[in-house]
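Now, the feature entries from TrEMBL:
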- B:1-29: signal peptide (SIGNAL)
- B:72-288: domain 'DNA/RNA non-specific endonuclease/pyrophosphatase/phosphodiesterase' (DOMAIN)
- B:73-288: domain 'ENPP1-3/EXOG-like endonuclease/phosphodiesterase' (DOMAIN)
- B:His137: active site, proton acceptor (ACT_SITE)
- B:Asn169: Mg(2+) binding site (BINDING)
Number of protein chains: 2
Amino acid sequence: MAQLRSLLLPTIFCLGGLMGNYFDRYTQSKNIVAEKASLVTTTDNKCSLGDIPSSAKEIMKFGFPSCENLKFREDYVLSYNRVHRTANWVIEHLTADKVFQRDFKRKSSMFKEDTSVPVLFRSTKKDYRNSGFDRGHLAPAGDHGYSLKALKDTFYLSNMSPQVGVGFNRDIWKRLEEYTRNQTRVYTDIYVITGPLYLPKESAEKDGKRYVKYQVIGKNDVSVPTHFFKIIVGDNRKKKSNAQLQLQVFQMPNEKISKGTPLDEYKTSLKSVEKASGLLFLDKASSLAIATDRSAI
Amino acid sequence: MAQLRSLLLPTIFCLGGLMGNYFDRYTQSKNIVAEKASLVTTTDNKCSLGDIPSSAKEIMKFGFPSCENLKFREDYVLSYNRVHRTANWVIEHLTADKVFQRDFKRKSSMFKEDTSVPVLFRSTKKDYRNSGFDRGHLAPAGDHGYSLKALKDTFYLSNMSPQVGVGFNRDIWKRLEEYTRNQTRVYTDIYVITGPLYLPKESAEKDGKRYVKYQVIGKNDVSVPTHFFKIIVGDNRKKKSNAQLQLQVFQMPNEKISKGTPLDEYKTSLKSVEKASGLLFLDKASSLAIATDRSAI
């Protein structure tokens, strides 16, 4: 009954909108419209969502960085950017149980278009073909081998960004992903936020001007990020109730990086990634609980 | 009573979010959080909003292109982009009564920071100073001289984009704004959607690669759009109930354009602006009502 009541009013609110919405243009999927609505709050936006799967509630424990085009998958949550045709951010919840139980191999999965994205804004396999870039997972396949569904869900192209292959995706970025998984040996729960950045730099003409410049690939102009970020929150409060959340923030250029370069060279501040991404992270994490780390960043 | 009931449930939904939200970092304003929530629907997102002013209901008659960081002003509605530090889109509703009643001059207004935007993502007057770019209004001051409040509201820096001055903002773009206002002599109601674009182009090296490149200005890296779009919907249904909506779509490069160049040279298709902006426009306009125009674009 309580559940019914909690759905009634948002449904009424939505109805007016739905009735006026005659177009379903450029999209092949109506699934989202049929969803029941519920609300979540971000730092200063309120997002209206479909029913959130219970797994997502755990994944999104520390808040939504933004509300734009949310996709709830088996074991991650993603916000899709329709201009860039790749994600704004992807959030995962990792535990040792999950990440080291690799019953399913990535060979059992195939890259696939995300049909929940309108065709006009969707990236395709063809966009990546002969581009010179890897289809780089944001939520890595290697985090979700415990479940065939979870693994397969990481292969949506909405979870890919064009990444430099040799020297980045297949090397240092892979090392960062392995490092992240290994943090589940240190913390009972790991929350990971991953996403692309498009950073400005000084102009080559040294005239003091700054430009953002990035390549786009394929017919759908999929953006090639200049950098990627990964935010790792280590949570040991299940072990020790007063444990502080531990925060590690990485930002790496999407380019060939010399073998053996320490990951630590790419540590940065949360604020720097927030400024560059336009996102505010971890708004539901108590400022007290992560004070030690935040003060340093 | 009905009003009370319509507020009760969204309030309960929000409460959970608010209670977990300990941070109000990088922002000076809590106004948004205190707002009462209601919902609107876009093509495949549902937006949760504060109470919509009744004027906004008319302005937003044909739907929300997106839900991101919405700002409801006296006589326009804006979606703010936190990465670019300028709008995604601005929507106005114009009538002859309003646009030709110029009781208040723009000299009575001053540019001002938008304190509803978190400091980290906010553009400032200093960002524009000595940048070589004008603070170009998206909702033009000249559309809103009938009311001091409406006029002043167009001076929020969130409603500005860096525009080339001579040859663009002060010339052809101004002509387009005047043309738009004059359309209120042809249609009883005009709905205008204005926004920036960041378009890719072939690389100078002619290697077949395509890049998006745009300047950023000031300490806050305010993006200088490569282009701007303006979508004009002419609605004569008050005069003639079966009148079709008339659609005109313009896209102009943010650069000096030769004096006297006809506006028509910059006409484009709605789909082209949709693809470039990542937005779907007019989702609440009946496809039948604007079929004639849509078929041609």
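Even glycines carry a Cβ here, placed using N, Cα and C.
When the Cα atoms are compared, B:Asn169 (Mg(2+) binding site) and the residue listed as 'active site, proton acceptor' turn out to be 9 Å apart. All protein chains shown were included, and the count of other CB atoms within 10 Å of the CB of B:Asn169 (Mg(2+) binding site) stands at 21. For the domain 'DNA/RNA non-specific endonuclease/pyrophosphatase/phosphodiesterase' (B:72-288), the predicted model reports an average pLDDT of 94. Other Cβ atoms within 10 Å of the Cβ of B:His137 (active site, proton acceptor), summed over all protein chains shown, number 24.
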